Amino acid sequence: MDPWDFLDETDVMGMWPADKRELLASTKWQERKEALDSLAGLLQKHPKLSIKTLTIYGELMDDLKKILVRDSNINVVAVAINVLQMLSSGLRSKFTGFLPMLLEPLLNKSKDKKASVREPLAACLDSIAEWTAPEKLVADLQKALANTNPQMKQLLTKFVANTLNKQAGPPMDFIKQIVPIVVKHASDADREVRDVALEALGSTQRLIGPALKPMLKELTQDAAKMGKIEEACKTAAEAYKEYCAAKNCVPVAGPSSEGEASCPTSEPVDAPEAAVEGVDPWTLFDPVNVWAAVPKNWEEMLGSSKWQDRKEVLDNFLGSLKDVQRIKPDPAHSNVVIPGLIKVVAKDININVAATAASCLYILSEGLRTGFGPYALQAMTPILDKFKEKKSVLKDRLVELVDSVAVSAPLDVVLEPAVTALNSSNPAVKLQTTSFLARHLAQHSTGTLKIELVKILIPALASRANDADSEVRDSACSALGAIKRCTGEGPFSILLGDLEAAKKTKIDEACAKLIAENAANVAAPAILRANDQRAKAATPPNKAKPAAPTANPTPAAATSVGKPVSASNHVTPARPPPTTALPARPINSAPSSSKPVAQATARPNVRPAVARPLSTQNRQASAPPTNKSKAEVKPQEARPITPTLPALRLPRPLQMGNSRIPAFKPTHPPN
């Protein structure tokens, strides 16, 4: 529990005497110092400041800024910095509102060599960083660290280390922007600057672990400096524990919504290992547009008949890729550059030219990651086929290239070229392909290795386990061991079939070794990224489809009892009767049958029967003899029947008087 929470807020500005406040504008430094000393005494007695309104501090902050920028007296400046330190502690996260006007002057004061200024300045900056999200410090701190003044670099780099030692989780934006400058300071001419830079890098390693290594660049070749970074990492872990013990809390990983860098939670715990987990070094770099370095005559130069021209354009492009970790995707350029490089690897007879093209492809694959996936299938066949070249200047580059390309896309994309290469007649191609599959399959897990692919891989690798070359056999057994770790004993034995006991022993040994290295059976991050990209591409966008419009919308019909029928249940009306009226049988004539005719009753849910016209012969045959002329015969009107819902069975023939109406034959099937 924080004792600060039990304190009452105090309006120190209201307690500060007006006559003392007026002395800040005095031309005498003693009077200015007296005014600040009186305020510092009040702040020391009342550490928790009122935050009901921050406007009461605005004029004071402006006066303090003027002192930092213009005052030439060291004593006044030192007291002003001390006052700012107590104000930041009393306002905590609310002090961040004044940072835009105060942070730059404070950082610039780090040029001063006097200890009377540097000591309170370091305490003030640490107090600000404790209650401010590190990302809010980046812009001004980045500019100040780039200054060539050694005193400034030394104090501010130490400030970076102190800030990182208070973090439970890595502030990624802060690390991305500040650490590259600290890496440069690690090679500074000033020894003190180098030492604090290595200390800050150790504090960074505590938070992000091995992800720091790509950012160190040339420092990785200096064993002495790498050793100091390791020692500084252990020291930073101890400093973090001491900070937690002093605060009796654990800073949360990242700033809160109010901009605080930490907040009290529970008893201190050892959290550096948790903070390291899941940090991807690739995300620490900004995407670089490398395509601007591609010349306009790229294709022309790659197609030149002189190998020197081809080598020159590739060397220039490779030089532009130096130290590039993350590449900005640009299909308009990559669709030209990458296929051109693949063609050089596949067909160029000059080994040096092909090796340079392979180096370019490797950097592009590493920088684009899954963005290189669309070119993976196109690249795999020439890469594997080029392994027939045994010279290490090309072979070594192809080994790292094939491993990188294989994880840019799911395994099923690159499997076909690999299986084809396994059946190559060239021993070098078979050896490098089986070795590649052993390395690649070792990164998979049960969840990422599909059974369909296993059914293809096991027979192909089993045939190579009986190869005449011993190295090919050993690599094939290693690859089969990786598969067995993913599938388990039962399914693997079924698919493997008969194999010599000695080879099965090698497979079991390879499987046991991988289980010991990866007991959790978790796939490598690169494999998970490739599969995740496939899943995202296969998932359709979650958009609601609009209802299909009805071609002929039908209004609601009324039933016989007057209730409306929905349009979905509406029955398409039957074919309309012909314009020519059907002559009806006279009422007084005898029926055609001697049996009595039952009276037709109205039935629900029956469509109206419609009379069909008869031919002339049938009409004459069915008409009864009568003495009346055709003009005197009046057709009988059919009884109206209200249409309702469709019937599930056909109605019986209806008789109306002496006229027999044929049964209704539906023209459309019921809904």
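The backbone N, Cα and C atoms fix where each Cβ goes, glycine too.
Values in this document were obtained by computation on a predicted structure and should not be read as measured data.
If you check TrEMBL, you get these features:
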- 5-242: domain 'TOG' (DOMAIN)
- 102-140: repeat 'HEAT' (REPEAT)
- 178-211: repeat 'HEAT' (REPEAT)
- 283-520: domain 'TOG' (DOMAIN)
- 457-493: repeat 'HEAT' (REPEAT)
- 533-671: region 'Disordered' (REGION)
- 533-559: compositional bias 'Low complexity' (COMPBIAS)
- 614-628: compositional bias 'Polar residues' (COMPBIAS)
- 639-654: compositional bias 'Low complexity' (COMPBIAS)
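Across all of the repeat 'HEAT' (457-493), the predicted model scores a mean pLDDT of 93.
Residue counts for the repeat 'HEAT' (102-140) under DSSP, split into helix (H, G, I), strand (E, B) and coil, are 33 helix, 0 strand, 6 coil. Sorting each residue of the repeat 'HEAT' (457-493) by its DSSP state yields 31 helix, 0 strand, 6 coil.
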